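Participant: This structure is in structure tokens; I'll ask about it shortly.
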Amino acid sequence: EPTPLHDTPPTVFFEVTKPIEVPKTKPCSQLILQHDFAYTYGQAPVFANYTPPSDCPSQTFSTIVLEWKATCRRRQFDRIFGVWLGGVEILRSCTAEPRPNGIVWTVEKDITRYYSLLKSNQTLAVYLGNLIDKTYTGIYHVNISLHFYPAKEKLNSFQQKLDNLASGYHSWADLILPISRNLPLNDGLWFEVQNSNDTELKEFKIPQNAYRAVLEVYVSFHENDEFWYSNLPNEYIAANNLSGTPGNGPFREVVVSLDGEVVGAVWPFTVIFTGGINPLLWRPITAIGSFDLPTYDIEITPFLGKILDGKSHKFGFNVTNALNVWYVDANLHLWLDKQSTKTEGKLSKHSSLPLVVSLVSDFKGLNGTFLTRTSRSVSSTGWVKSSYGNITTRSIQDFYYSNSMVLGKDGNMQIVNQKIIFNDSVYINLPSSYVHSLTSHKTFPLYLYTDFLGQGNGTYLLITNVDLGFIEKKSGLGFSNSSLRNLRSAEGNMVVKNNLVVSGLESTQQIYRYDGGKFCYFRNISSSNYTILYDKVGSKCNKKSLSNLDFVLSRLWPFGARMNFAGLRFT
């Protein structure tokens with residue numbers, strides 16, 4: 001006898017990532033918000049008052065964790081959402097798509113870098129634009145909690161000690177300014193970039209005793225640009241008289257300006273949301289970055305000399321080749337000289353060369369091949385004089401992009417092979433003539449294949465293969481070097497009728513490896529049709545096992561000539 005639906009336990013959805021390193025101390029926990037998100041689209045964010053924990057035995061914390069826990073049942077689209085504290089965004093995420101029996105998922109994020117913000121009373125704002133109608137009836141039931149882990153006594157003096165310069169580069173910022181939209185809003189606090197000519201601006205003013213500044217950028221892409229990496233060149237669209245087909249080609253970048261001058265860029269990781277391409281591929285293991293979208297840091301320190309005048313200045317956000325819509329905002333992290341009321345500085349060198357673009361098209365009718373290549377470099381050098389002495393900072397961003405696209409079967413089959421290389425380097429020349437460095441080398445490979453087979457009566461079969469990777473190496477500033485290789489391969493098919501999935505099959509494998517020197521984490525997991533086939537987890541930094549894993553990874557990636565899609569999205 002079949003089990004009644006209401007007796008079936010909800011399915012647990014999750015994103016594969018390393019656990020947060022927390023001390024063995026017992027955390028002080030607070031439930032900040034409990035809310036049911038029903039019809040919330042176009043309405044004001046949900047608000048809650050945040051007060052720092054007062055009943056903890058220690059008021060010095062080594063780690064602070066935000067926990068988002070949600071449940072939902074029946075049918076609903078994936079929904080993008082954001083969490084802001086005092087206008088500062090602390091989480092960008094996507095909901096999971098529910099099942100009739102219900103789902104539950106948890107997102108945990110280390111938010112210790114927002115420590116200074118969490119020391120005072122703030123307003124928490126959450127925007128999750130959900131729609132309810134006769135078909136889509138799922139309500140998201142959400143709890144948001146904060147967990148404060150007291151530092152061990154041995155760490156207290158180090159955590160609080162900001163009287164030496166190096167600590168300013170190891171610790172969190174003294175002040176964080178929101179570079180987001182001001183309330184009240186019937187939307188999220190993010191800026192909405194609608195097209196390539198749209199530059200969103202935010203005015204700000206900083207204290208005159210800052211000696212370091214970092215801009216943390218949040219970005220997500222939606223509607224006509226949700227699948228920007230598969231968008232077609234305009235010449236192909238025009239030649240074939242296509243309408244309603246997203247264009248402007250497959251390259252996008254977020255360009256950040258300060259008072260009209262380019263200070264950096266973001267070439268974003270290709271996050272695939274839980275309803276993206278083929279929703280079945282992301283159940284119950286969601287795509288890389290979908291539950292906790294990555295953020296991107298741009299070193300602003302070389303430009304401090306331009307904004308330490310006590311006057312208002314403007315950050316601008318523009319997206320190259322953008323279609324509607326991109327959600328972008330940022331947080332300006334500032335380190336302040338506690339021994340001085342005024343620092344001074346100067347930008348001594350700055351170079352931001354125009355974007356280099358190469359597009360080669362070869363098509364006949366609806367079939368063809370396209371190769372897009374781009375590169376960009378942004379570098380800046382500046383000094384700041386504070387009570388620590390004269391510090392010179394040099395920041396370099398180098399970007400490389402390649403996208404190979406094939407269209408066949410009269411445009412019903414699409415293959416995309418894309419790679420983004422995103423390198424950041426920061427060099428800090430201290431008064432002692434010692435040079436600190438911070439480097440991050442990221443590689444984002446993507447392979448997509450889709451084949452659309454019409455079957456009449458509003459029904460079609462969609463065959464998909466997706467290979468996705470997030471690879472990063474970090475080093476510098478006294479921290480142990482770290483490396484991350486997060487690789488996902490998925491394939492499946494689904495039958496869609498009147499824009500609703502009626503059946504389908506999927507299988508997926510993901511290999512996650514993080515090596516932080518003292519802390520390591522490895523996970524090899526596979527699923528098929530909601531069932532976990534195997535799940536192998538390890539946490540030892542074993543060089544021999546890592547070398548064996550490299551062999552496994554080399555066989556898994558890069559994938560052979562496989563197969564993308566034409567911007568289809570269903571639930």
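Glycine is treated like the rest: Cβ placed from N, Cα and C.
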Participant: For the feature N-linked glycosylation site in Swiss-Prot, which residue out of ASN49, ASN390 does the record point to?
Facilitator: ASN390
Participant: If you count the C-beta atoms lying within 10 Å of each candidate's C-beta, which of the glycosylation sites ASN121, ASN423, ASN524 ends up with the smallest number?
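Facilitator: Comparing Cβ neighbour counts within 10 Å for the glycosylation sites ASN121, ASN423, ASN524 gives ASN121.
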Participant: So what sits near ASN529 (N-linked glycosylation site) in its own chain, CB-to-CB under 8 Å and at least six residues off in sequence?
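Facilitator: Within the chain, ASN529 (N-linked glycosylation site) has Cβ neighbours under 8 Å at LEU280, LEU505, GLU506, SER507.
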Participant: Of all the glycosylation sites given, namely ASN121, ASN143, ASN423, which is spatially nearest to ASN241 (N-linked glycosylation site) at the Cα level?
Facilitator: ASN423
Participant: For the glycosylation sites listed here (ASN143, ASN318), tell me which residue's CB has the most neighbouring CB atoms inside 10 Å.
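Facilitator: Of the glycosylation sites ASN143, ASN318, the highest Cβ count within 10 Å belongs to ASN318.
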Participant: Among ASN143, ASN197, ASN481, these being the glycosylation sites, pick the one whose CA is nearest to that of ASN121 (N-linked glycosylation site).
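Facilitator: Of all the candidates listed, ASN143 is nearest in space.
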Participant: Quick one: what's DSSP say for ASN390 (N-linked glycosylation site), helix, strand or coil?
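Facilitator: Once the DSSP labels are grouped into three classes, ASN390 (N-linked glycosylation site) ends up as strand.
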